[in-house]
Amino acid sequence: MAFDLKLTACLLLAVFSLAAAADCECQPSDEGHDAAKSRTLKVIAIFCILVGSSAGCAIPSLGRRFPALRPDTSLFFALKAFAAGVILATAFVHILPVSFDKLGSPCLVDGPWRKYPFTGLVAMLAAVATLLLDTIATGYFLQRAQDSRGAVAAVAACGGDASSSHDHERGNAHGVSSAVIASATMPNDAADDCDDAEDRAKLVRHRVISQVFELGIIVHSIIIGISLGASESPSTIRPLVAALTFHQFFEGIGLGGCIVQARFHLKSAVTMAIFFSLTTPVGIMIGIGISSAYNENSPTALIVEGILDAAAAGILNYMALVDLLAEDFMNPRVRKSGRLQLIISILLLVGIALMSLLGIWA
């Protein structure tokens with residue numbers, strides 16, 4: 001289901017981009033344009049961003065080989081705080097101001113776009129929609145997990161072979177690990193049942209978080225890629241290559257951390273990582289394909305990109321503050337350690353500072 005949502009989002013963004021290319025009223029200036037040099041820089045950008053995204057997403061998964069990077073270590077908490085700071089600055093410093101500029105552009109008619117702060121409205125609604133999706137999806141998958149656990153326990157209680165039931169449920173639990181379902185076949189006292197239920201709830205929550213988080217990243221990554229790919233100005237593209245490579249690298253660390261905590265099967269984890277890594281490069285290729293007809297100042301392009309930027313900012317704000325920072329800062333291990341609180345607070349501020357600094361070039 002999550003993969004279908006991501007694929008649908010990408011297709012809709014591509015269609016909107018083509019529509020924007022056909023509607024050109026405010027014509028851009030050709031000053032400083034160099035198609036040949038721009039094309040070379042775009043190819044370099046595709047390669048650099050692909051490598052940066054993949055490397056960032058892969059770092060948290062190294063915890064299987066390096067114990068210091070496991071989800072329960074101080075280093076992992078610090079990395080997540082740093083990545084959350086990057087994501088927060090991305091939303092507030094990079095995406096939200098761009099949306100305000102686009103929806104307030106003089107190329108748009110005076111009403112209603114330039115008379116009402118649609119950027120704030122869309123960002124707020126996107127954050128609320130993310131909250132509702134987060135809550136509903138978590139509740140749904142938890143219920144599925146409880147139903148699956150009850151079914152397996154019933155088979156075990158009747159003296160039957162639970163393995164066939166376990167195999168069947170493994171393909172349908174959507175967010176429940178095989179270990180969690182299998183644990184239902186073993187006798188537990190009340191305390192063990194409580195701990196098991198808590199672990200199961202955390203697992204489901206991490207899986208929902210990682211999927212909603214990736215959906216938010218996809219929205220703004222496609223737009224960024226299309227904008228870069230459609231540009232014919234080397235002076236515009238050159239600083240974006242380095243800025244976007246670092247941007248995608250840090251976002252990859254955040255997403256990779258969520259994927260590791262969600263304990264997806266290897267195939268699902270690799271699919272999510274590949275999808276994230278390819279999103280911006282695919283956007284660049286779409287931009288290259290429509291660059292001859294695309295006009296970033298057309299009303300359609302400004303409205304569509306402005307609304308999607310605002311929605312992406314709202315989603316990322318919610319994910320960074322609620323699902324990443326609040327969850328870690330409220331973690332009992334963090335609350336009991338003043339030293340760890342200080343470390344992740346500093347790393348959070350460093351992430352915010354570095355990503356805000358990139359706003360000078362991107």
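Including glycine, each Cβ sits where the backbone N, Cα and C put it.
What Swiss-Prot records for 1-21 is signal peptide, and it gives sequence analysis as the kind of evidence. Annotated topological domain 'Extracellular' per Swiss-Prot: 22-42, 96-120, 229-239, 291-301, in sequence order, evidence recorded as sequence analysis. Taken from Swiss-Prot, the feature topological domain 'Cytoplasmic' applies to 64-74, 142-207, 261-269, 323-341. What Swiss-Prot records for 43-63, 75-95, 121-141, 208-228, 240-260, 270-290, 302-322, 342-362 is transmembrane segment, and it gives sequence analysis as the kind of evidence.
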Worksheet entry | Taken over the topological domain 'Extracellular' (291-301), the model's mean pLDDT | 77
Worksheet entry | Winner by Cβ pairs under 8 Å against the transmembrane segment (208-228), considering only 75-95, 240-260, 302-322 | 302-322
Discussion item. Tell me if the transmembrane segment (75-95) touches the transmembrane segment (270-290). I count contact as 3 or more CB pairs below 8 A, with pairs 6 or more residues apart.
Written reply: no
Worksheet entry | Distal contacts, the transmembrane segment (240-260) - CB-CB under 8 A, six or more residues away | 41, 44-45, 48-49, 51-61, 63, 71, 76, 79-80, 82-84, 86-87, 90, 94, 206, 209-210, 213-214, 217, 221, 224, 228, 269, 272-273, 276-277, 280, 324, 351, 354-355, 358, 361-362
Worksheet, complete the sentence: Among 43-63, 75-95, 121-141, 302-322, the most Cβ pairs under 8 Å with the transmembrane segment (342-362) come from 75-95
Response to the item:
Under 8 Å Cβ-Cβ from the topological domain 'Cytoplasmic' (64-74), and at least six residues away from its ends along the same chain, one finds 257, 260-261, 333, 340, 343
Fill in: Recorded stretch that, among 43-63, 75-95, 302-322, has the most CB pairs under 8 Å to the transmembrane segment (121-141)
302-322
